[in-house]
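The annotation FAD binding site is assigned in TrEMBL to A13, D32, K33, R40, I116, D290, V297. Annotation comment: TrEMBL describes 97-312 as domain 'Amine oxidase'.
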Amino acid sequence: MTQTIAIIGAGMAGLSAAHALQQAGLPVQLFDKSRGSGGRISSKRSEIGALDLGAPGFLAQDPAFLTALADWASAGSCAAWTAIDGPQPYWVGTPRMSAISRALLGDLPTTFSCRISEVFRGERHWQLLDTAGASHGPFSHVIVALPAPQAGVLLTAAPALAARAASVVMEPVWAVALGFAEAQPGAQHSLRFDDEILQQATHDSAKPGRDNRLDSWVLHATADWTRQHLDLPKEAVIDRLAHAFAERLGRRLPPAQFALAHRWLYAYPARRTDWGALGDQQQGLFACGDWCLDGTVEGAWRSGARAAQLLLASL
């Protein structure tokens, strides 16, 4: 008999795996160190409204992912951002990116604000230990759905999986949100740059369903610049990225009425892989995440679904 399955990480990959297993009739228990779900598709609540500091949006190609996307859209959890030109629709969560993770989370049992520090196997079942010293279990299987460097630490019971995770380099990214009293004239809603400092700028308040009080933009620094300035004070990061943004627009920006900075230590993998997901089916230990594929939101969802498939095939 299959006992509850532990899933560590309530981002897109972990939620995808949990949803697939729940649909197969299996009990799951999610754990996440944050106060809410989503990972890089979470949203930051602020005095000017919700801000998408992680993935600004995403594309969809995989047929299964498109089917899931249609369900989310019909439920009002996401929409195509029609102001963005391109050969494919550019999707965003509505009224914020975290709406997608909330829809996936549903009534799945989840323990938030719980950082798992150890995953170990007894004679028959898995146990988890958190940083507060509390034990969780028993579990028949464990899926680790965390960024590769964090996943590797929890995969030591399966050395081959731990080595795979340890081989993945994750890139850091500084994100800065700026809020202006008036809209910036002439600026496109989504800008990408070939620049040493600034990687992209997204007109966050222009996304469908937003009700931000100010004209808000989210800027992402390049991984190289972030790596060189990991410990730069947030105020200095805001100044540097705002200055770079003004230079790329070719004009002086008005004073920002609101600004904040957030550092993503593990924003995306440096290189894509084709693993799909990792698994030791004999022991019942699995890993998934965008780093198992191409670093995209769709890749994270596909990886979680693949981890669930591997687990189900082992029963």
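Glycine residues also receive a Cβ, built from the backbone N, Cα and C atoms like all the rest.
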> So, in DSSP terms, is K33 (FAD binding site) helix, strand, or coil?
Replying inline: coil
> What count of other C-beta atoms do you get within 10 angstroms of the C-beta of R40 (FAD binding site), across all chains shown?
Replying inline: 23
> What is the total of other Cβ atoms whose distance to the Cβ of I116 (FAD binding site) is within 10 Å?
Replying inline: 24
> If you skip the near sequence neighbours and keep only those at least six away, which residues in the chain come within under 8 angstroms of D290 (FAD binding site), Cβ to Cβ?
Replying inline: M12, A13, Y268, P269, T296, V297, G299, A300, S303
>> The record lists A13, D32, K33, R40, I116, D290, V297 as binding FAD. What's the largest Cα to Cα distance among them, in Å, rounded to a whole number?
In response: 23
>> Is it possible to get the count of other C-beta atoms within 10 angstroms of the C-beta of V297 (FAD binding site)?
In response: 25
>> If you count, for each of the binding-site residues A13, D32, the other Cβ atoms lying within 10 Å of its Cβ, which residue has the minimum?
In response: D32
> Non-local Cβ contacts of K33 (FAD binding site) (under 8 Å, 6 or more apart, same chain)?
Replying inline: S113, C114, R115, I116
